[in-house]
Amino acid sequence: MAYLFTSESVSEGHPDKVADQISDALIDNFLAFDADSKVACETLVTTGQVILAGEVKSNTYLDVQQIAREVIRKIGYTKSEYMFEANSCGILSAIHEQSADINQGVDRAKPEEQGAGDQGMMFGYATNETENFMPLALDLSHKLLQELAILRRENKEITYLRPDAKSQVTLEYSDDNKPTRIDAIVISTQHDDFDEEAAMLAKIKKDVIEILIPRIIAKNPEHAHLFNDKINYHINPTGKFVIGGPHGDTGLTGRKIIVDTYGGKGAHGGGAFSGKDPSKVDRSAAYATRHIAKNLVAAGVADEILVQVSYAIGVAEPMGIFIETYGTSKVNLTNGEIAKKVEAIFDMRPYFIEQRLKLRNPIYSETAAYGHMGRKPETVTKTFSAPGGNEKTVTVELFTWEKLDFVDQVKTAFGL
């Protein structure tokens, strides 16, 4: 029997994502000047105020206020009527030194013996229902908001958009687990107060259906068949949405972990990513398990794969690796036997994850909105500034965990 599945996303201007982006901008700046920095940075954003708190072990000093303001400015909070504005918001820093008790579990004389920064379990997931091996409902939810942000910055076809927004896509699946159509789309977008409420809501709904949706279809022709005239659109269903962003809702780092990963597909170990340097396995091992799952699916081991890894704090070797193929395996092996082969291909000790995926680089700001997974790997050059005229330009690879660089090795190991 056909069934429905739903995923959501939030925009870069959503309060929780503002917090994530500030935390990850701090991570990038610390790593740019000291690649061995250990950082855990949490951010709270609310009406006219940003609070930074966390633990740091680094040889560099940063102007954290300036970094936070630049992130807020880039997102688009640049008007006083938003009640949260880059130049005028207050910024309080309570960042202090990392505990020596925690650090002793991570630092080792031999780098390869580096212990996990914490206990816990992390999951990676991949499915072949999209070209980027991501669940389709989440992928479309991200793309709706990315395109809405493009329209906001263009300020031509739609001129009233503000930074805060959310989306949700409900797909209908067939008995054989294939997406057949979009059943519903929900979009709530912050906007200027430009007319009477009923007129504003009618205009916004019309623009979403007649401007945003055609642009999504044009950029994603492989999914055009899923769009139809029976889609149930809920556009700003609560009414006008003028008060938004951190003024409308307080935002915190790490509160959008399902948006960041697989939209409710697969599983999640509970640990957030943003604000954590790669010694924190919550982040590095989640990227590594995604890398494994994606390469296994791309190699043809299964149509859908979930990978779990677990750690004890201060211990390099993982407690174990678990594989689930949801009955889609293409190889004559049990899930346990697949896991054994995976262990032989991918070294999951924290140091080797960092080296394999080049994680000790300033690559995290780009992950902090529109999902950490399913993004396109690319090489970029970035410039960072620190007090005293100190400047650093680095060329880095983004989203290395999305590379299909182990497919041949996987095929050889599994005889594919």
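In case you wondered, yes, glycine gets a Cβ from its N, Cα and C as well.
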Original post:
Looking at 98-108, 153-163, 175-185, 263-273, which one is region 'Flexible loop' according to Swiss-Prot?
Top reply: 98-108
**OP:** Could you round the CA separation between Lys276 (ATP binding site) and Gln98 (L-methionine binding site) to a whole angstrom and send it over?
**Re:** 12
**OP:** Could you list the residues of the same chain, at least six apart in sequence, whose Cβ is under 8 A from the Cβ of Ala165 (ATP binding site)?
**Re:** Val10, Ser11, Gly13, His14, Leu145, Leu148, Ala149, Ile187, Ser188, Thr189, Gln190
**OP:** Within 10 Å of the Cβ of Lys240 (ATP binding site), how many other Cβ atoms can you find? Include all protein chains, please.
**Re:** 16
**OP:** Compare the Cα of Glu42 (K(+) binding site) against each of the binding-site residues Glu55, Lys240, Asp249, Lys256 and report the nearest.
**Re:** Glu55
Original post:
Which ones are near Lys256 (ATP binding site): of the binding-site residues Asp16, Gln98, Lys280, which have a Cα within 10 Å?
Top reply: Asp16
